[in-house]
Amino acid sequence: MMWKTLLCCLLAVSAAALDGWEPGKRYEYHVRGRTLTALHEVANQYSGFRFKGKLVIEPHTPSVLRGQLKDTYHMTVHRMLPDGWDQKFEERESNWERVGMKNKPFEVHVGNEFQFNKLIVTEDTPVWETNMIKGVLSQIQVNLKEVGPDPRDEQEDRLRKIFKVHESSVTGRCEVLYDITPITKFNMLPQPLVEIEEENVNVLQVMKTQNFTDCKKLPSYVHGFYNFHNVFPAQNKAGFMSRSQQTRTIVSRNKETGRFTIRSSVTFHEVVLKPELFNSQQGISVSRMNVTLEEIKSQQHIPPPRPPKDVGDLVYRYSAETGEPSQRDSAYALESNSDSSSSSSSSSSEENAANSRHRSSSSSSSSRSSEEMRDSKKHPRASTTESQPRNSRSRRSLQNSKRSINMYNDSSSSSSSSSSEEYLLPRPHIENAPNIPFMPYFVGNQGSKIGEVDPEKIVLLARTISSELQEPDTMVKKNILSRFSILTNLVRAASFSQLEEATKRLYYRVERADNGDESKLDAWKAYRDSVAQAGTPAALKMVHTWIRKEYIKDEEAAKVVAVIPHAADTPTDNYIAYFFEMVKDPVVHGEKYLNSSAVLAFSKLLRLAAVDSEAVRRYPVHVFGRMVPKNFSARVKEYIEYFANKLKNAVKDKDSHKIQVYTRALGNTGHADIIRHFEPYLVGRESVSTHERVTMVFCLDEFVKTQPSVAQYILLRLFENVGETQEIRVAALYLLMKTDVSAELFQRLAEYTKFDKNHQVVSAVQSAIRSAAKVEGPYKKETAKNAQAAVKILSSKPYDDSYSKSFILNNYRREIDVGYSRLYNQIGSRDSFMPKSVFYKLVNIIDGDRDDQAKFGGAVSSVRDVIDFIRQQFKKDDSQDELENSKYAEDDDIWDLREIANLLEMEEENVDPLEGNVHYDYFGAQRFFTLNKTSFEFREELKKYFKKPQITNINKLYNRMELKVGYPNVMGVPFFFTFKRPTLVKLTAKTFIMPLKPCDHGKPHKFPRIFNVTSDVSFVYSFDMHSHMGVVAPFNKKEYVTGIQRKHMIQIPLNVSVHVNLDKNKVAADFKPYYEDNFKVAEARGIPFTTVHDIKSLVPYVEAEHTSYIRVRPSKAYEGNFGKSVGMVYHYNFETDQQFFDYKWFSSNYFLHYPNVAFYYGWEAQPVFYYDFKLYLDSHNSPAKTVQLKASYDNRYTQPEEEEETRQHSKIRRPRSASRKHRRSRHEERAPLENLEVSDTETQREELYDIVLPAVRAGRLYYASVSVAFKGEENVYSKYEVEGALASSQVNEHISTMLRAHSNDAERKHQYAHVRVNVTMPQVPVIDYRKALEFDPTSKIQCEVHFGDTPEKKSKVYFQGKFERTDERKKFVAESDMAQLCSAQQNNKNYLLPACRNVTEEASKLDKYFFKVKYENLSEKCRNRTYKAYSYLRHYFFPYITENVYPDERKTDSVEVQVQFNEEINAVNVSVKAPILNVEFTDVRVYNKYARALFSLNPRYPLLSQVAKTAFPQYYEPTCVVDYSKVNTFDNRTYEHDMLNDWVEVMFHKPRSKIYKQVSVSAKQAHSKMVLKVLRGDEVKFEMKQPRDSSSSPELKMNDKVIEYERSPAFIHYKHELIAVAYALPSKALHLDLLNDSLVFVYDGERVMLHAGNHYRNQVRGLCGTFDGEPSTDFKAPQNCHVRDVEDLILAYTLVRDLDRSRLRDENICVREDVQLVNLTNHRHAEKSGIRPYDIDDDSSSSSSSSSSSSSSSSSSKSNSTSSSSSESNESALPRGENKLHRAQQPSRNCHMHLHRIVTHNGKQCISKLALTECAPLCREESHTTKTEAFVCFPPGPTADHYTKLVRKGVSPDFSRKTDIVNLRVTIPSRCVSKI
């Protein structure tokens, strides 16, 4: 019975096989094909070839066919095809050339589903011929298993079949959609594919559509698409590239026998792409193969192939030449159950879910209707993946990665599985170049590499590049960057021995920087950079050899190594292992810069190749299989362990540089294991600085990308720990925003803005959510929607821009699916106005994928320390190092600064050492530098230039981007696409600094104040964009290419001479062209082309003999000159095939971009056309040879009684000027450089001062001038000069300005303009808002403008303006809520609290303006320009504008303008009455807050101050107020105080740097009056007392000398230096400005308002708070602890001798600032996410404990205490160390922990109010003490459960407001030691 069954099966198989091929017959087919490439949307200019031949098939057995492909010819096509790629050709046999095929017989084995499972050819058949045979056979492989068994059945619904199968073809083994339909002869008439004469047949049309997204085998080569998460270039839809393949086969079926006959088959394979990724015009590569039955004959018995060679199924076969065959095992195979192509980390649940979704979505159903199938064919992009939300891109990309990997698992065919190893290439050896398929150089020689690389060719090409680099003018013409790309390709194909030989020929060592052969040096550098960019194993070994031989070292070697992660093409496990050994090499380890660069480069490569699941896009895993084996995760962890141990040793040695480097290295890996290595430091088990902890958080950035869900959990724990430092929390937030944040999580974050006390955190959350909500583009739509759900929840409180902020600004262009995004993050600083951490990133968005183009980031531990250290190096005079003895007069109530500090028991704060880091993209690589104090020693670095000229020689060639794709087309020949951005940066300079004024005697370390700088500079920047697509014809070593090359070059060769005089604030610079002859300044070329190129040629495509440029029309040439008027003539040439210049495109792509973005993306959406632009400096026709730039600045104070002396230059003194004993004569300060002496502008300056000074009488004077002159050898041919002076007065409330501009050009045209402006703005009340409302703040402006060619022909414009406050505005302010609040405060005698200050400011704002303009002799040109400006405004404000062209009264030679704001100053009406028309702008909204600040004038503030105050409302003018009964601190915390009966310290400043004077401000109240004393150092004392009567101003003394200031300002000097200015305000209050100390006092006898500069931040103590940006820290006592009550704060700062301050020593009253830390993970989450907990055996405590038992009911026993503590030990907050991580450094510090203890007392759950000391796990108690501690108790219920859970999670609750306190005695360990 079994034999019968087997026989039936064999007969069925035989019958199935014979259904298509009749035994004894010979089938002859005519084969025709073509493959063409073109920019078809630009022009129908094609390059490619045609193919024809004859295919003969004879059935040998029921399952074996024998065949032969013979009479094969090809013909080159390189011409215009007006009808497109399918244009018919005239058959001319003379153009056909024979294809060098063997034409040997082959054998095909047919499977049971009509599939060709095996192809056998002769051994001498080359691979390329085998692939072409496979391409032909793919046309006649048709699966007809679904066709009904009855051949006579002609019903259409039974013959029509739609189904899917996986089928092999030359393009891959992929899913194929079959659509079989009957077709009549009538339907075949319009397009007769084949003539069918038989009558007794049914004709079927078989349509096959190949789905490249679902493949078991997909022969393809991909490199460089790492950042393109939506791009799988070999699949159907790959972002900017799409690929499709369809086959139409005509099959006849005999009605009698049921036998099928393939009559005709034609396959179309199309690749459509945007050649430069973002073009609006696309290119195409199309292939068509047509097989048509010509005749059926009797069999002629084709012989079998001898000797036979099995070449597998029909899938394209690679040509393997070199490699390591032993490595081709299952460990490197890609299987469906693997995590990814390279990932070594565990699969997350998210990944598993993605896989299951993929499996369910990819299963096909044959029941789908034919209409649906047709619909899917019509809309191939509407796939399941594309229909998913865009915000799930990370999941989708991971799903697609899995899908690509699963292509290699063919479970349906045993033959396919068995040949999987043969399908992939052997892995490259470390000394050999990898065999890269599809790329021309590797397959162009009969399917193999074009011979062995001759080192002589490398040497010749490098020297050619070098020689052309010496002539930058010809760089673009000679295609240097194209040659560099060719050189890189040669190096990629070379073995190590060949590279070694080339090195011997090219290496050139320069003994002296100024004495070397530049040509030889540039040749070496070109070769060096090509090896760095090659990315092959041989290139890596070559780089290592160079380092060991010291051919490259230090920074040069660091730059080369930094490129490796991006350049590496095949980073196999052996490649990684070799790189790791190189990192550990002592030579590498000992090189400065190189050691850190190598570590960081290796760690990044480790992530890209072995951790990240996206490697399928970056590396050729479809060629070589996995880059690393499946079990490589263990090796990865070994590498990570190495870095972790290095980090541990660095922490032990307190080496900040190594700590940051190895932290960054661990972060680069992006592996889950780094969490357990960072955790001991982040949770405080090991002591590191705050900056180093912040660096660890930021270094989780790559982990966020590899495992976003796990990272989100960890970052959320860090952020939500309110006891953590603000820097850690903000850093965690910024990384958290890079994960997939849901709407719920956005809302959860938004809630923190309502209750979080830390302003830095709140500000960061606000800005991050608001920015995310405004992101545009379809790919961020979901993120924006989620963020928008949380915007309304945010707190409405505004925060200064100096706080932590996150901004995302993007621009998206829907028509081309391209955009860009700019991300800026900053972390605010406690001690400075400037942020302590910044990060900027410019991202290109192409089809939803993000590619980082520019990146910069930096962080420092203290901004103030950096600024002070730099200023210390360049400051003019030394400050006193030590405080001198007090110079004050005897006063029982006053102490010197040292005594005040001792009296207050002032403690020094622990300050972390200065450290930081900077990272940025640099020459195609990412660089990371650490900073410390020596990093800012600029003075010492600059002094090198004093000794001898310093030579700079930078010559760097690199690729900013390189993308490569290759796969076979239907003809079996390789298709390839490459996109490169080669870039050249060449900078040579010889610089020397010559001091002209020697350093002060005894101070040689000071930087000179007067010096010259000379430098010969040559800078060349060039970059190309090369986009090439084509096909390779292996049989004739040709490639048929279509491409675009854009070339750009900028050259700046200059001789620079600069004179700097810091004493006089003057600078002069001469810029002279380096070359005397004409030279090219800039060039830009765009060349679309087609070519037929010899692969062996080293000539760039655009220079090849058979290259044709694509020009859609005859080119037009333009040329011209400009610059004659200035004396420097520039000549330009422009050639293009465009009909006209599209200004609209230019403006939309350049002017509307931000400058930095336009630099990168000015080319987006640019049409593809030919252009050639050149710009020259025409030196021969330029009389001017030198450009001279001069600038000067001056500011000073002048006094009324010194006006006459001012003109004689006698007593006017500038603030911050040197004392007289250090001043030099004018002769000594003169610059000695010939023709470069700074012109004496004192005469001009005094002229302007004489003009502006009378209007103000006394006040501050400012002067600035800038001039540009174009000079010849002797004459000045043109000069342009602008100078101005400004005087502002506190006496008569005037501001006077004078501007003068003059120009004389080379054509003797003289232009001048004089502008004089006088502004009268009264001093408005500052203290009482009622007085401000009653005061008339009306201001006036008068302006006079003269301009023209000569004074006789001058035009005049007179301008008068008046600014008023309307009654409506006055009423609005008076009735506002803020005014009511202020009234209530004033009733309590508090006049200067924030509400009153704000309403007083609002009361003085002006809302109605009137201007009248008169003019004389205004030229028509000027009138026309004015009207054009109005036209732009009219267009912009179109909805709001009304014009009256027939006014009742016309103005003559005048214009009247009236501006009226509404009461809230958020809308404006403007009325203009002009001679030709009247215009009304109605209800124009003023949405922008800066525009409102600019236009809503306030007499108290200048315009720029108003804008700055809007950006920084709190810290532009930081203010502290001590009012009658309340204090408002610098950080805006308000608290009430009783009368200050004793002297109390208001502000005590003790700077960390010596460049600032120490300051003390103290106050005392008596009988409702306040006395104020200010100490400035130990030499100056100011005293302010209440006025003698109500009509007088307060009394002011300096060192007991009365200062008169009521009638005129007092200019106060000390030791010949102006130190202060005092004057009276309208309210009789005193305004005292300490100029050099940035302190301003407003004092009226009862209260004081103090404005302080931002350099005081976080360096003051007292009633005014800490000034660190956080109101919560304002109650900080001198002992650096925090009190809760105002009484304790005042006690802490009361200046009374022998005062009992013991209360402040109680830790419960004065609480130390401590950071409460939490564990990052718990056991459950660690197991779920694959993160190993930190191992105690690794010399650290465990991250979690297994004990979680609850405490017993005993109240105070030792056992109870111990039990309850152990139950919580694994998840509690831990103590801080040296930088607040640990209180003391004890030998057993790892055994001590601080935990909240939980006990049960009287049936209640009690939690210790403070964290108590406990012994850590694996430690034991050696001694203990018994103490009484405060516990907070809760009855059983939800509240108790809530706090218990918080404590167990590691959160330290705030019990400060709890009243249910119980004191319990507990046992606390005093010493813990390890059990091990």
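Don't overthink the numbers, they just go from 1 along the chain as shown.
Glycine too: its Cβ is placed from the backbone N, Cα and C atoms.
Out of C1343, C1664, C1681, the record in Swiss-Prot bonds C1520 through a disulfide to C1664. Summed and averaged per residue, pLDDT over the domain 'Vitellogenin' (21-838) gives 82. For C1520 (disulfide bond), the same-chain residues 6+ apart in sequence whose C-beta sits under 8 angstroms from its C-beta are V1527, N1528, T1529, F1530, V1546, M1547, M1649, L1650, A1652, L1663, C1664, G1665, F1667. In the three-state DSSP classification, N1636 (N-linked glycosylation site) falls within a helix.
Distance from the CA of N1012 (N-linked glycosylation site) to the CA of N1055 (N-linked glycosylation site) is 13 Å. Of all the glycosylation sites in the list N290, N631, N1532, N1636, the shortest Cα-Cα distance to N1318 (N-linked glycosylation site) is found for N1636. Comparing the glycosylation sites N631, N1318, N1469, N1636 on other C-beta atoms within 10 angstroms of each C-beta gives the minimum for N631.
Note: the CA-CA distance between N1636 (N-linked glycosylation site) and N1532 (N-linked glycosylation site) rounds to 25 Å. When secondary structure is read from DSSP and collapsed to three states, N1532 (N-linked glycosylation site) falls in the coil class. Among the glycosylation sites listed (N595, N631, N932, N1469, N1532), N932 has its Cα nearest to the Cα of N1012 (N-linked glycosylation site). Sequence-distant neighbours of N595 (N-linked glycosylation site) (same chain, six or more apart, CB under 8 Å from its CB) are V588, H589, listed in sequence order.
Counting every protein chain shown, the number of other Cβ atoms lying within 10 Å of the Cβ of N932 (N-linked glycosylation site) is 16. Taking the C-alpha atom of N1532 (N-linked glycosylation site) as reference, the shortest distance to any of the glycosylation sites N290, N631, N932, N1469 belongs to N932. Secondary structure from DSSP puts C1664 (disulfide bond) in coil. Note: N290 (N-linked glycosylation site) has non-local neighbours V31, R32, G33, Q139, S264, S265, V266, T267, i.e. same-chain residues 6+ apart with C-beta under 8 A of its own C-beta.
Counting Cβ atoms from all protein chains shown, N1055 (N-linked glycosylation site) has 15 others lying within 10 Å of its own Cβ.
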